[in-house]
Amino acid sequence: MPRSHNIEDYRNFGIMAHIDAGKTTTTERILYYSGKSHKIGEVHDGAATMDWMEQEQERGITITSAATTTFWNGKRLNIIDTPGHVDFTIEVERSLRVLDGAVCVLDGNQGVEPQTETVWRQADKYHVPRIVFVNKMDKIGADFYRCVDEIKTKVGGRPVCIQLPIGSESDFKGIIDLVRMKAVVWQDEALGAKYNDAEIPAELLAKAEEYRHILIETAVELDDDVMSAYLDGVEPDEETLKRLIRKAVRYITFIPILCGSAFKNKGVQPLLDAVVDYLPSPIDREAIKGVDVDTGEEVLRMPRDEDPFSMLAFKIMDDPFVGTLTFARVYSGHVESGTTVLNSTKDKKERIGRMLLMHANNREDVKEAYSGDIVALAGLKDTRTGDTLCDLSKPVILERMEFPEPVIEIAIEPKSKADQEKLGLALAKLAAEDPSFRVSTDQESGQTILKGMGELHLDIKVDILRRTYKVDANIGAPQVAYRERLTKRVEIDHTHKKQTGGTGQFARVIIVFEPNEAGAGNVFESKIVGGSVPKEFIPGVEKGINSVMGSGILAGFPVVDVKATLIDGGFHDVDSSVLAFEIAARAAFREALQKGGSVLLEPIMKVEVTTPEDYTGSVMGDLLGRRGQVQGQDMRGNAVVINAMVPLANMFGYVNQLRSFSQGRANYTMQFDHYEQVPAGEAAKVQAKYA
């Protein structure tokens, strides 16, 4: 089956924003107006098409990014709806990795919020071109111009308006299109309401001309010929201006700003036009880099059907009807169902069975997928998030994704033997779907430990275990994921000697242990020359060191950011073995932890509290009482926004406390920022509790 659309007519884009900015509602309207959805789903009545997990419909937030294909003006739109809650940042990161562009939705009243900053940084990391849609222009307190200003001051973007609002709050009637210099006015707020072009209202003409002047002056910088014509008094025509805006978006030179109210059905069609006109197609983006498996050299994969096939898996989901679904993007070449391909990350073959195009939770079988397509594959055995699937004869590993470390953990105990068996299977599936969710076993108690990015993240996992997998279990209180690290360099000379008749055990190691840079991870290096430790025993040294990394000496927490260098040692021709060196290295590391000034580290969270002015003192005092460091405060409308760094250990149950002293009027967001040493007094309490 040939392509239905040329690759230059594809738009692979995501919709990203802070929680409650109206992201899912905007997507619902896009699906409605582009003809994919015949009944509009409202988030607040739990019927949105994109939010199809039970937990999402109840909580009114988007947890998993659902991929949807739809069409507008002859272009094929592959939309990824991403979650805005900070505990699900991993979902945003995964979807941005495979997108060519993004629509950043802002709440017209709230402006740039903490999670907006987070997703903006992630989009910067992957160089994702974007446009901004200032939503909720009908909301009380909506301020389009403040939102534009905050893009500059809070995320360092270069905003350029291509639309202006006509009215705001209950008087919001439509938009001014600065490219065509026309007003676009909606007749009413009903679904599918008609809209007409009109002349720009006289009272807004001067402002429209001022902002169009800024748009043109900024756009002509991108083309010398257009610039010189403009300096000679010739303004660019509509087509030229669109071409320049498209170029600006592609290279992230400036960010076009649009506005509307998705809920009131105003501004969605012009937003769709902007997606088609300005966001890049797969061929406008740089070729994806990979590593040739055979040679180890960097190679490029071009978005062409005739290139060798390569595809990146970016999401695993368990579907109640189809089983495990692997969402993947084809970067080069094409693939047919029934083909055997290579998972080059795992060096295992996979057979492509069913291939599905997804519309939220409806699905359509397809026989072939081409470069630029985003499809769901059913029945893959070994493929996980971040794995590459490719042509057997041209193996390549595409860029891998990086996932954050979990900062919070809970213990879970199944109530019966039957629950124990179900729990094991369910946790394996959940961990495969979400790389930021980890499962481990406590060595001493034998308890199963779940680790995640926040309380809500783990709440939802437990909810899924109970509802979807019918596991009945007791859940422990959330615990902080502390870490341990060395503070000084130590050199340890340790000899392991054991003689019990017959062959004995002998190994001597001299290892330098020192703190690595924060976040650099644990590193092992061998500097053995002259064979004082034969090379076949060196893996035993590394294994011994790694076995201690998982449990430090202070309170049994993982040891992080240590560099271990094997510099010398000794062996016996008969009594030395890999096991002997493993035991020696383990003992050496434990000694190093004793002598190297081990300290406890704790996760520090970036907290932003938005509160009416009356409660500012209470909020500040409470944060300081939680060992918080207030970084500053500013006004947002008539509310005060307080920024602070607070240890996670002191943030449990904060939401209830905040509600009680602000009568429910203050709210907060929190995200992991960094690890920091625990003060001595607090460290003693932690050690007493866990050691």
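Cβ coordinates come from backbone N, Cα and C, glycine included.
Asp20 (GTP binding site) falls outside any helix or strand according to DSSP and counts as coil. Residues or ranges marked as GTP binding site in Swiss-Prot: 17-24, 81-85, 135-138.
Per Swiss-Prot, the feature domain 'tr-type G' maps to 8-283.
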Message: So if I measure Cβ to Cβ from Met137 (GTP binding site) and keep only same-chain residues at least 6 apart in sequence, which ones fall under 8 Å?
response: Gly108, Phe144, Pro165, Ser168, Phe172, Cys259, Gly260, Ser261, Lys266, Gly267
Field: Overall pLDDT of the domain 'tr-type G' (8-283), taken as the mean
entry: 82
Field: Cβ atoms near Asp20 (GTP binding site) (within 10 Å, other residues, all chains)
entry: 19
